[in-house]
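Peer 1: Below is a structure I'd like to ask you about.
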Amino acid sequence: MATLKEKLIASVADDEAAVPNNKITVVGVGQVGMACAISILGKSLADELALVDVLEDKLKGEMMDLQHGSLFLQTPKIVADKDYSVTANSKIVVVTAGVRQQEGESRLNLVQRNVNVFKFIIPQIVKYSPDCTIIVVSNPVDILTYVTWKLSGLPKHRVIGSGCNLDSARFRYLMAEKLGIHPSSCHGWILGEHGDSSVAVWSGVNVAGVSLQELNPEMGTDNDSENWKEVHKMVVDSAYEVIKLKGYTNWAIGLSVADLIESMLKNLSRIHPVSTMVKGMYGIENEVFLSLPCILNARGLTSVINQKLKDDEVAQLRKSADTLWDIQKDLKDL
């Protein structure tokens, strides 16, 4: 007796499952992981989305909740499992998993605890998707991107840290607000470490090709009567401010990660400030990852732009590198 489905649908091709073309995996379904997931779905970047976490009930609940929105999405397959086999054949894997910093905990201790988590996660990712590009989002992102590169054995053009893509977006938003224009028309770069020691490249800030530092030579210095330096301070403080108000940050980083993925999956060769291996650049001698303007396309992170930095900006970058290396050099089991 033919089933309803057989009566309704006449098969033309064999019913074998197609290998996905643009599969994306998100590891960790906390606030940041799910913001990444919804941003990826909202931009229709994936033909399959896989979620992985150790919390099985939470994981299944998030998967079902997204699946129930399938009518409003163009992503035909959404899957989840604590077993990494569900991630097989991913083009891009976003890592948001990790332990939270405890009150009074040193950064080194937090990093070492996250290294121990990554030692389980990263080999599993590479086992099932050996050709993937990994985007690291977990903090401290620059150090954990280095850790991922070490543990994965992947070439450095396929291990990327979300880095200062969000810091630069915050910078452009805050500058644009002051000027009354859209952030996409206000150009400026935050480089270096994602976080407290990031570097604002004031010499490159421009609107419609007009250098703002030429209009106000004191811009970004302590002598500036308009106090533009405060904008960079607001960028650095903004995460702490949001965390104080709502407990965590998630929407902006989720949108930022989807922006990076779009440049890669659509082979756009757009330039983003993301974390990459900077040894040999700007006189940095250690294997550290910092954000520089990088070209992202279908091959991953293919090139770095040689930004013309002023002496004090280079000094700040090197200081960032030293700060990170001080922590990295003491990490165990890499």
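The backbone N, Cα and C atoms fix where each Cβ goes, and this holds for glycine too.
What Swiss-Prot shows for this protein is this:
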ACT_SITE  H194  active site, proton acceptor
BINDING   30-58, R100, N139  NAD(+) binding site
BINDING   R107, N139, R170, T249  substrate binding site
MOD_RES   A2  N-acetylalanine
MOD_RES   K7  N6-acetyllysine
MOD_RES   K58  N6-acetyllysine
MOD_RES   K119  N6-acetyllysine
MOD_RES   K329  N6-acetyllysine
Peer 1: Where among the recorded positions A2, I38, A46 do you find the Cβ with the fewest other Cβ atoms within 10 Å?
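Peer 2: Among the recorded positions A2, I38, A46, the sparsest Cβ neighbourhood within 10 Å belongs to A2.
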Peer 1: Can you tell which of the binding-site residues G30, G42, R107, T249 lies nearest to K7 (N6-acetyllysine) in space, using Cα positions?
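Peer 2: Result: the closest of the binding-site residues to K7 (N6-acetyllysine) is G42.
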Peer 1: Given the binding-site residues I38, N139, R170, which one's Cα is the least distant from that of H194 (active site, proton acceptor)?
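Peer 2: Considering only the listed binding-site residues, the nearest one is N139.
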Peer 1: Tell me, which recorded positions from A2, N139, T249 are within 10 Å of K58 (NAD(+) binding site) if we use the C-alpha atoms?
Peer 2: none
Peer 1: Can you tell which of the binding-site residues (N139, T249) has the fewest other C-beta atoms within 10 angstroms of its C-beta?
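Peer 2: Output over binding-site residues N139, T249: least Cβ neighbours within 10 Å is T249.
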Peer 1: Could you find out if DSSP has A50 (NAD(+) binding site) as helix, strand or coil?
Peer 2: strand
Peer 1: I'd like to confirm something. Which of the recorded positions, A2, R107, K119, R170, T249, has a Cα closest to the Cα of M34 (NAD(+) binding site)?
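Peer 2: Looking at Cα distances from M34 (NAD(+) binding site), the smallest one goes to T249.
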Peer 1: Listed substrate-binding residues R107, N139, R170, T249 - what's their greatest C-alpha to C-alpha distance in Å?
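Peer 2: Maximum Cα-Cα distance: 24 Å.
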Peer 1: Helix, strand or coil at the residue listed as 'N-acetylalanine', per DSSP?
Peer 2: coil
Peer 1: Do me a favour and check the Cα-Cα span between A2 (N-acetylalanine) and I38 (NAD(+) binding site); whole Å is fine.
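Peer 2: Computed Cα spacing between A2 (N-acetylalanine) and I38 (NAD(+) binding site) is 39 Å.
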Peer 1: Closest to G42 (NAD(+) binding site): which of the recorded positions R107, K119, N139, T249, K329, going by Cα position?
Peer 2: T249
Peer 1: State the Cα to Cα distance, in Å, between A50 (NAD(+) binding site) and T249 (substrate binding site), rounded to an integer.
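Peer 2: Cα-Cα, rounded: 22 Å.
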Peer 1: Can you tell me how far the Cα of V54 (NAD(+) binding site) sits from the Cα of K119 (N6-acetyllysine), in Å?
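Peer 2: Spelling it out, the Cα of V54 (NAD(+) binding site) and the Cα of K119 (N6-acetyllysine) are 14 Å apart.
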Peer 1: If you count the C-beta atoms lying within 10 Å of each candidate's C-beta, which of the modified residues K7, K119 ends up with the smallest number?
Peer 2: K7
